[in-house]
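Asks: Would you mind keeping the following structure in view while I ask a few things?
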């Protein structure tokens, strides 16, 4: 894999000068804005689902509406690896591909406003918006990874900011409800199309590549690099992919159905969105807290994200199961909606940096891999959430989500235990090899931190031929 794609550490050979650093922060700001707006639409689309379910109740099911809400994001997520590969193949022309994504989203919103019935949204919204989302998310992941690689002091902050679609939910849930109630859902699509056009167009102006970096992909253009990873990393990839699936099923199961859950007994669409807003506000709270911590401490969260994710996942599992018991209590439901969103927040907010930490892959590989897992979860979510909600009128809805979160917790716990065992084993072997390096007086590679046993072991593996030769002479 090291031959297939260069890691973030390899990319950062020369630190950019001050003007480049200022430009990098502008890139990060507009990258975060793009992700926030795209994420806001995914999280607020449940308001559309609630309205369409009322208007077309006789012709379309809740599960089908959920698939419309999920499928465009699922399609976009699952194709980010292909989009990333294509962008790299054509010389990292970020501005061009950002423009193509912008036009695709505008086309999706305009055509969706004129469909004769919601089934046509599978074409207009799923396909066109999915392509646009895929291109923009791939561009954002690549351009931020170039300017804020793992050696950058604000890497955690940068990758957290571009994982922050949840922050827009506070605004977008109410905005969508207002637009639909005042202008109807067709005109809402047109208005949103114009808004998204101008927001995502900013990327075409600011997303430039770092000219001091050489191309970091071979003929595979990183498309097959994930399949070439070391065998000992495969279990981590499988567990993280499963974690992303569970995260996505529960997140979008809640966001797309909470408004419909309340709408069954509430006439106002705006009031029906209160639980969705509270859940999204909980997510957004963790995003704001994480951003502040990252600004103040830089690397405090580094290598600790796995513990944050596992603990909040367990709490959310318990809160969802308890919600099933007290669902008739409005006050407790409001509290548990916020708490559930708050506990889900780290799994969304830290998608980029946690993906690097859990898979041990460089950012430009870990990010599309994480998104692919989220995409699979979105595709599965309607069958696990909406179909059950519609068939049993939301009985067992929350308890099922709770058990899914418990399975996610078990996957994270297993990965953590495996990483700790592997670290102990590597420390023992690495210490022995480090002593051998000292005895042979072999030079250490520049990227290895002196005095680190595990790093010494990696250095020896990279320099296997020279070490073997020296060992024989020794």
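In case you wondered, yes, glycine gets a Cβ from its N, Cα and C as well.
Automatic, uncurated: that is what TrEMBL annotation is.
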Asks: Ranges 68-89, 332-353, 420-441: which does TrEMBL label transmembrane segment?
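Replies: TrEMBL lists transmembrane segment for residues 332-353.
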Asks: TrEMBL lists transmembrane segment for one of the ranges 47-66, 307-326; which is that range?
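Replies: It is 307-326 that TrEMBL describes as transmembrane segment.
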Asks: Looking at 394-417, 442-465, which one does TrEMBL call transmembrane segment?
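Replies: Among 394-417, 442-465, the range TrEMBL annotates as transmembrane segment is 394-417.
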